[in-house]
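There's a structure below that I have some questions on.
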């Protein structure tokens, strides 16, 4: 090679190196800024320079809506501090785009290119703007060459959280008032009823409910120099200040106002009462029900309650007055000075169609329209001099109905019964059918002889578990069913029907649907929809010519997590499954997972308190608290899910390989590989030959190890598991669980025997369903 050729070669190599360095710099910058023409979508995020904050798409709680938001990057639980499109969510983040336009305007667009949210900012210098997330949590659009030339910033558009360095008050530059506004509910960041803003004159801050000022606050906020801190206006109207404690890795409440929750104006909304000594503090008045039940269950009570039965004030309408003792009166009353006693006061209210309540306290007081701020006095309040009074609430009288209306209803019912009778005779002549009775929650009441006929005398057995055996059946209309014959129950038919009715009311795409039941003499049977692909155990852990690919397995993992999240956090009463394992994950025709046997642990009663711990193959899924006598919470299901997820990844029972050494115990292998940051493909089912999405596999392994932490406080909630597996939330490397550390140091015989020394171990799932309501989110 001559000198010229050598020089050309060196120059070309230098240029290639320079291009590579430039490209890598662009990739690095792309994670911190958005330049004109660039966009952010799906799982993409931008991070502040020191990695304190992160911006991207997120979904709150169990909501299916997505928002652009800012949160702390490295905290175990996602803590949102700002939301861009709080009024207009998107359903598919993968096809929605946050883009910085050439004119310096930042927009969020839907798949149809419609602008959902925009900063409405303008830059005088074309192509010289960037969007950047700062270490103080402020998202700014500024001149790329002048950091002080800020065009727009999120600090000028706060949502419910105030960070150190941010300000409230009137912004002379943007001509806008900067205020904090609460979320609508934990799953809906849309503006709620409560706000926090500067008083007129600038002398202090106040809390407002729908522009009604109810608390003055002169407390300033400067943050803590060595800790993360934030001030948040909660959905309950309370202003809380939190500080992150690094030693215990959680937020601690440093300050709050008002000091009593019931002092929040209209905290419970209309027609409800607040009690400081009850949790939740709010409850609807007798004869009323939550206006928005979904939000009420999530702790957002400010929409209040509405009447179950509306009374007619006109002639022929009936009402009565319900006495509410020992309450503090709402302050929006009218005084009727001409009324001399309580009977005349009652009559005055009855004659006024607008009157909703009355009281007599040396004079007649009446309330019109909706009633807010009704407070139940506690013994402590009475001790300090507050005297409760009687309030008389006007309600529809359930014992009196207009006679004419009764005759109309009776006539309609008689006509309907006649038509139904004719139809039944006609149908019976055409084709014999199973006689069914429809009971509560649309469940069918089957006769035992009909189920025996449908299952061909219980001849085709699908499986057997701790609660009973399952048989396949075919109804006369050719519908396939699965019939579970329960073992002996303690409770009578009435209680059994009540429990079954509760289970039948639960509907979710990832839960096996209960269609009906049978309760004759001592026989108790449940009728479920039939799952054609059987259980996950039969396809995954047994020799089967059909092998589940990684995409299907990951789909099953996410679906199972969604089903558990629904049971734990979306049902009216929290339901702990207590027996998560592959045998109880059933697959429909599309291989979508459905949880079976939910609610049965409570249904079966106390005599099943030790069944789960003695069943073969179940101990490997049980959380340590089952053996220590501690209270069982939904986090016990989280542990079982983690063990299940490890088997989904490996395609083998976790105990397989123990004969070859403790290091081959599957959870120990997964924990070691994850903790050392090694390639997770080594943990994958060998039959898949490495064919799996690396990112999904890593997420699954990490979340499995977080789920099986010994201390339940270290385990995530199932809603968090769903977010991690969906790629909405990141997951850090977990520590090796302590019980696995002990197993590593134990003789292999101790592990193989499945003997874990512990306390009383006397908890049953039926005993802990009520305790689950008290679980603190961790």
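Cβ coordinates come from backbone N, Cα and C, glycine included.
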Transmembrane segment per TrEMBL sits at which of 386-406, 407-427, 428-448, 449-469?
407-427
Check each of the ranges 737-757, 758-778 against TrEMBL and return the one annotated as region 'Disordered'.
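Checking TrEMBL against the ranges 737-757, 758-778, the region 'Disordered' one is 758-778.
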Could you give the mean pLDDT over the domain 'Apple' (313-396), rounded to a whole number?
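Result for the domain 'Apple' (313-396): average pLDDT 81.
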Within 10 angstroms of the C-beta of residue 484 (ATP binding site), what count of other C-beta atoms is obtained when all protein chains are considered?
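So the Cβ neighbour count for residue 484 (ATP binding site) comes to 23.
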Taking DSSP states H, G and I as helix and E and B as strand, how many residues of the domain 'Apple' (313-396) are helix, strand and coil?
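Residue counts in helix, strand and coil order: 14 helix, 35 strand, 35 coil.
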For the domain 'Bulb-type lectin' (31-154), how many residues does DSSP put in helix, in strand and in coil?
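In the domain 'Bulb-type lectin' (31-154), the DSSP-based counts are 4 helix, 54 strand, 66 coil.
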